[in-house]
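Novice: What follows is a single structure, and I will ask about it in a moment.
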Amino acid sequence: MTFAELVDRVASNGPFQFLHTVLLGLPILGMANHNLLQIFTAATPTHHCRPPPNASAGPWVLPMGQNGKPEMCLRFAYPSNASLPNDTQGATEPCLDGWTYDVSSRDSIVAEAWPLPPLRVSTTHSWTGGCRFGRKPILTCSYLLLAASGSGAAFSPTFPTYAVFRFLCGFGISGITLSTVILNVEWVSTRMRAIKSILVGYFYTFGQFILPGLAYAIPQWRWLQLTVSIPFFAFFLLSWWQPESIRWMVLSGRSSKALKTLRQVAAFNGKKEEGQKLSLEEIKLNTQKEVALAKAKRSVADLFRTPILRRMTFCLSLAWFSTGFAYYSLAMGVEEFGVNLYILQLIFGGVDVPAKFITMLAISYLGRHTTEAALLLLAGGCILSLIFVPADLMTLRTVLAVFGKGCLSGSFSCLFLFTSELYPTVTRQTGMGISNMWARVGSMTAPLVKITAELKPFIPNVIFGSIALLGGSAALFLPETLNRPLPETVEDVENWSLRAKESKQEPEAEKASQRIPLQPHEPGLGPS
């Protein structure tokens, strides 16, 4: 009996699956707030140069930009009524004394007494840096870490303190993401993996609808930061009712605890008699091969041990990097489209509803690697198309950005499921950690690439779009996992590859045999 058959026997499609999905999904609902919080807490309010200390000597008029509005980063070097030569009257200078912010509608960390220009990039790096290096094995600790560090960020007196707490938030989010994905796929039957994975993803989608409402109702960034962090203390308490993965328990030599958990789940699902039929000897007998192989010491090097694992790791890393890279270029750049920030965030969240539904249908019928490749190629095409759309056609630019963001959101949903299905149980946590790390590296790199717009406005979109196309091409080289049980060992993955090659060779052999010309019949040889 395989692990998949074991789960099907006692835990398939019952009340337990519903409760399991809710317990895993509710924190994801709140995690969307933390992921996209920078859009509102680090939004740049309307601002202009603060006049110099001697401004009382006369009126200080701000220079006007090409859009007819006052310049935000320049001021006149002298008062407007100063008696100066004509060639110096219009001289401008940078904001040497800082900026004045309009916080009448909402405040922001930018309006604090912290440096304006590098702040957005720096805080984004702090958050994504924590995601890169954090991979907590215990879901409960990750909830507590996010709750504590998120609350701490709300009370930060200085920018360095705020950056450290946001770094720790990313650390906690990474642990929650990895543990949630793995617990999700390892507690569900083969035929339900895609559906349940997308359902958990919808919690993130609906979380995006909550954030604009919270940001609108709570314009003070400190209170907003605290509001999205407090619920994770409750999730920390609820996580004690979350059962551990059966696969992990058995492969870690905890078969007795695994049997007890299976019987509890069976009783919860109304299959108590079926659960009582399970025995410790039966579980050990059917999983002894996997247990023996799992006892070998594992490390990151295992992901490169065989040709198939090397190819998988390389292609997945590129797909994850390009998805995170392109996704955050759009998600964190909503201010650039000139639409109301709250409405555009609702639109960006709303596109995920059909995008994830279409993704679920595609991965269930077309397969994982075809869907992943198509989503990244479409997203790359949309981003590159923005280069050729004039800035005054804001509606068309917004439509392209929203469609591209929907494709990238579907790409994330597909990758979480696809990656967990490709790596065997003994290296799944490591593989998911490395893959997720590349997504965070991509999101860290995205703000730096946006700076290149100061050279030429089209450069960022060229880079973002090209990388997305490259990631989509890499996905085509990944093996398909549709309707296959989760691999338990590296040997299972190798067998997958071998059977896939054999299945491809058989039709080619049949076609070749059909192309062999029939030999002409020679007289006297055979029947007349």
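The backbone N, Cα and C atoms fix where each Cβ goes, and this holds for glycine too.
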Novice: If you check TrEMBL, which stretch out of 138-157, 398-417 is marked transmembrane segment?
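Specialist: Range annotated as transmembrane segment by TrEMBL: 138-157.
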Novice: At a threshold of under 8 Å on Cβ distances, which of 163-185, 223-241, 342-366 pairs most often with the transmembrane segment (138-157)?
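Specialist: By Cβ pairs under 8 Å, 163-185 leads among 163-185, 223-241, 342-366.
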Novice: Give the nonlocal contacts of the transmembrane segment (197-217) in its own chain as ranges (CB under 8 Å, at least six residues past its ends).
Specialist: 21, 24-26, 28-33, 36-37, 39-40, 106, 180-181, 184-185, 224, 227-228, 341-343, 345-346, 348-350, 352-353, 356-357, 359-360, 409, 412-413, 416-417
